[in-house]
Amino acid sequence: MADGSNREYLNLSTGQLVELALARGEGELTANGALVAKTGERSGRSPNDRFIVKEPSSEADIEWGPVNKPFEADAFTALWNRVEAYLADKDTFVSNLEVGASKEHYQPVTVTTEYAWHQLFARNLFIVPTEFNAADKPTWQIINAPGFVCNPERDGTHSDATVILNFAERKVLLAGLKYAGEMKKSMFSVQNFLLPAKGVLPMHCSANVGSDGDTTLFFGLSGTGKTTLSADPKRFLIGDDEHGWAPGGVFNIEGGCYAKCIDLSQKNEPVIWDAIRFGTVLENVVTDENRVPDYTNSTLTENTRAAYPLEHIAQRKEENCGAEPHAVVFLTCDVSGVLPPVSKLTKEQAAYHFLSGYTAKVGSTEMGSTAAIQSTFSTCFGAPFFPRPAGVYAELLMKRIESFGSQVYLVNTGWTGGPHGIGKRFDIPTTRAIVDAIVSGELKDVETEYLEKLNLHVPVAIPGVDSNLLNPINTWEDKQQYAEFAQHLAESFQKNFEKYQVPDSIKNAGPNA
């Protein structure tokens, strides 16, 4: 429609957006009906290009540093105006959406995009309300202009692209980026800032619920199994990535899923496989000559994605919310092969491991990361998205666990019998059997063995799981080497934890170096 008419398309349906995306050459239809789009050189988040406007209303509550970098308010206004002027002679797509499946805690947001497929993504991942902004709250605005090229000297940005959050003006500016995940993570960061002030814990986790209403949460970084394990054929999905835990219940912050597609198989992940159909956006997935997606192909990126609305999942919780969780699972992908497949945590240990966020970058979502797998500590299992000091979130977690009596487990979806390259990764059926035992409550009062170096209690038996796997030293041929690796891991935990100002009860809840 680039005929000079400069239309603003408001609240278009899925079919209309797919039609326009194809007509405008933004993507192609695949054999399974999904729309596939390419994002160019930025096929993941760009953390170096993310800023928060430094202004009086929020300045004192933000933990400024390499994750939350300050941006001048005047420079933001000038850049916002420049991007608006750039979009003024383009067709744009606009939707009125919400973030937060809670009458009390939702945020209304108007999303304006240059691309039709970005608008489809926003409508898949955010919530399309039956009545927009029923409580008449002040509305957030997102502008996404991938064709706008930033000039660092003129605009004060880090590169030719940027993501900037402005809490005072309720604005999110995305310029120069095609990777759609930036939109969802921006509004997640917004809720991560706003919710704690209302006593609600925002969480980088997935959630599902059983037929008797029991909720389980799965925390973890990208690639650790959040989406795979929460998409359980025996349970109902609440959401796969972002939730709030308020007194009385858990709610999804989103209205869709953003699942990793690399090596996706119908056998191992039937729920995700079946959700990829007309209306789904596939990002950077390579197709063959018949337009059949090749999920094993990582030519463009390891971080291939499918964005679909929750409606594409048959077994889901209609209201996108649930009761407070009986079980909370911290997923860690241990590349050293030292951690047991499952441990039971006290509330102090839960706070310790929540703050530590130990895991590996597996098929990292960040731009420029190589395929090499490395261990990392990511505070709250999602450091890039939490604007407030980490202690704020840890305190809220302990409060919620204590008041409801949730049991927390540390589950290793990484390696055993040796580090990455020598040992082998726990297979999905083993982890599923462990998770089944957790959600059924079988592990709540199970007999445990104490691993002193790791300061962890591990079950001695779990139905459907080889008991030899439960204490990791049994899976290593060289026991001395295991002891050395365990010592090294304990030391790295302690070194990482030095930065936290927390009570001794939490400080002493980690591994013993």
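Each Cβ is built from the backbone N, Cα and C atoms, and glycine gets one as well.
Note that the coordinates shown come from a computational prediction; the quantities given were computed from them, not determined experimentally.
Other Cβ atoms within 10 Å of the Cβ of Tyr179 (substrate binding site), summed over all protein chains shown, number 27. According to Swiss-Prot, the substrate binding site annotation covers Arg45, Tyr179, Lys185, Arg305, on the basis of sequence analysis.
The annotation Mn(2+) binding site is assigned in Swiss-Prot to Lys185, His204, Asp241 on the grounds of sequence analysis. For Lys185 (substrate binding site), the number of other Cβ atoms no farther than 10 Å from its own Cβ, over all displayed protein chains, is 23.
Just so you know, the Cβ of His204 (Mn(2+) binding site) picks up 26 other Cβ atoms within 10 Å once every protein chain is counted. The ATP binding site annotation in Swiss-Prot covers Lys185, His204, Gly220, Leu221, Ser222, Gly223, Thr224, Gly225, Lys226, Thr227, Thr228, Glu269, Arg305, Thr431.
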Secondary structure at Gly220 (ATP binding site), reduced by DSSP to three states:
coil
Work out how many Å separate Gly220 (ATP binding site) and Arg45 (substrate binding site) at their Cα atoms, rounded off.
17
Please work out the number of neighbouring Cβ atoms within 10 Å of the Cβ of Gly220 (ATP binding site), leaving out its own Cβ.
27
Near Lys226 (ATP binding site) in space, meaning Cα within 10 angstroms, which of the binding-site residues do we find among Tyr179, Lys185, Asp241?
Asp241
Cβ within 8 Å of the Mn(2+) site centroid (Lys185, His204, Asp241 excluded): which residues?
Lys184, Phe188, Glu242, Gly382, Phe385
The record lists Arg45, Tyr179, Lys185, Arg305 as binding substrate. What's the largest Cα to Cα distance among them, in Å, rounded to a whole number?
14
